[in-house]
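Comments concern the structure below.
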Amino acid sequence: MSTSRRVFIFGSTGSIGKKALEVIDNFHEDIEVFGISAYSRIDCLVAQAIKYRVKVVIVPSTQSKELFYEKWTSDNPIPKLLVGSQSLVDIAYDNSYDTVIAAIVGIAGLPSALAAARAGKRILLANKEVLVVAGDLFMQYVSYYKAELIPIDSEHSAIFQCLYGNANSINFKKIENNVRRILLTASGGPFLEYSTDSLQDITPAKACLHPKWSMGRKISVDSSTMMNKGFEVIETYWLFNIPIRKIEVLVHPQSIIHSMVEYIDGSVIAQLSKPDMGIPISYALGFPERTKNEVGFIDFKDLMKLEFYQPDFVKFPCLSLAFDALKLGQAHCIVLNAANEVAVEAFLNDSIKYTSIPKIIEESINWYEKKTPYLLNNLDDILHLDMVSRSFAYKNLSSIMK
Ligand code: NAD
Ligand code: MG
């Protein structure tokens, strides 16, 4: 077997990380898993390290390192164990592998994703918060250090597939003149049919039950509030270098069309498939080749209908908050993300009501509006504003706890 690619998965125990391992295992004989990392679920991490015979594992603390040794049952040589978030940054510069799957959730994945870009790796990006909080810097690094960026988010994989072939390369710097609109589709989440009043009583369990996708808890809540779609608008803006006015969200409950590109000649190119992350992950892993996977095929005779609606910005204020933040600039996007991370965590811990999530975010944006604008020149500036915004959101939170 000839090995043509070696990957490091940042966040291998999550929904995307596990799916990526499954796809590699079943369909990518040519890909070797060089390293994996996780923040929790050390049992799962040990099992993955044994199964894929990885060379390097990154754990968050010395306790988790000890736990890893304790749980190691195999006769295989134990991998090199590194500890802490700085190890994720350092390993990005290791030349023993060429591809990073960025599958950490939240801003925690930012330093390692930026490092991977500086190291000129091929980056298969799931961690959309990287583009939300640092789109400008990240894209500058990708371009300057000649990294290759392939999205894993299903909508962005769809847009990538609709653009690739109509652009000169995967550098989409010049598409603006040919593209009239990017139509970013949204399933609408589990509460599409709910009245605004009934959102008051949503529990974490209900919010995590997505009708079409099975995902990690944070992104499931983000999908239900449509903040996920808001983040994806920001992600589209940075990935494809397209003006905000050319990005439109379209609710499409069947989740068969994963997004579309409308060109100036009136042609619309769409990507369709069953709603399963196996497809965007396998596309990103194999790019530019297409590879088989186990998702299966659409039976067009079974498709009863494909519907499209305008999103309800009143019922889902998070979507407007994200559009507004993108228009206001990078600092507002950092505040948006920080407040959202704090509010979603509090909701998942049952400390605040579902309907408090957009309120906390809006108050955080209003708070930032009154401040002297922050200068954002580098990672430290971004992390500093993130920290200050989180403290504000936490303080604010304590006054409305259930
Ligand atoms: P998840 O919660 O299932 O997994 C997150 C992974 O990151 C885990 O391995 C966890 O150990 C690790 N992690 C968490 N906190 C960390 C920290 N502080 N430091 C280091 N590692 C940490 O999340 P997921 O659903 O797999 O989503 C991962 C990313 O992909 C998110 O940004 C999400 O928005 C994006 N995404 C997910 C899906 C999906 O279907 N799940 C689809 C598109 C995009
Ligand atoms: Mg998506």
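Glycine residues also receive a Cβ, built from the backbone N, Cα and C atoms like all the rest.
Whatever TrEMBL says is automated annotation, not expert-curated.
Going by TrEMBL, these are the annotated features:
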type	residues	note
DOMAIN	7-135	domain '1-deoxy-D-xylulose 5-phosphate reductoisomerase N-terminal'
BINDING	T13, G14, S15, I16, N127, E129, G216	NADPH binding site
BINDING	K128, S154, E155, S187, H210, S223, N228, K229, E232	1-deoxy-D-xylulose 5-phosphate binding site
DOMAIN	149-240	domain '1-deoxy-D-xylulose 5-phosphate reductoisomerase C-terminal'
BINDING	D153, E155, E232	Mn(2+) binding site
DOMAIN	272-391	domain 'DXP reductoisomerase C-terminal'
Per-state residue totals over the domain 'DXP reductoisomerase C-terminal' (272-391) - DSSP helix, strand, coil: 67 helix, 2 strand, 51 coil
Residues of the domain '1-deoxy-D-xylulose 5-phosphate reductoisomerase N-terminal' (7-135) by DSSP state, where helix covers H, G and I: 61 helix, 27 strand, 41 coil
Binding-site residues compared (G14, G216) - the one with the fewest other Cβ atoms within 10 Å: G216
Using Cα positions only, nearest of the binding-site residues to N228 (1-deoxy-D-xylulose 5-phosphate binding site) (G14, S15, G216): G216
Fewest-neighbour residue among binding-site residues, criterion Cβ within 10 Å, set K128, H210: H210
Annotated binding-site residues K128, D153, E155, filtered by Cβ under 6 Å to ligand 2: D153, E155
Neighbourhood of ligand 1 - binding-site residues from S15, N127, D153, E155, H210 with Cβ under 6 Å: S15, N127, D153
Inter-residue C-alpha distance, E232 (1-deoxy-D-xylulose 5-phosphate binding site) and D153 (Mn(2+) binding site) (nearest angstrom): 9
Helix, strand and coil totals (DSSP H, G, I; E, B; other) for the domain '1-deoxy-D-xylulose 5-phosphate reductoisomerase C-terminal' (149-240): 42 helix, 13 strand, 37 coil
Rounded Cα-Cα span from D153 (Mn(2+) binding site) to E129 (NADPH binding site), Å: 11
Among K128, D153, E155, H210, which are recorded as binding-site residues, the nearest neighbour of G216 (NADPH binding site) by Cα: H210
Binding-site residues clustered about N127 (NADPH binding site) [Cα within 10 Å; pool: D153, E155, H210]: D153
Under 8 Å by Cβ from T13 (NADPH binding site), counting only residues of that chain that are 6 or more apart: A38, S40, R41, C44, L45, Q48
Whole-number Å value for how far D153 (Mn(2+) binding site) lies from I16 (NADPH binding site) (Cα to Cα): 10
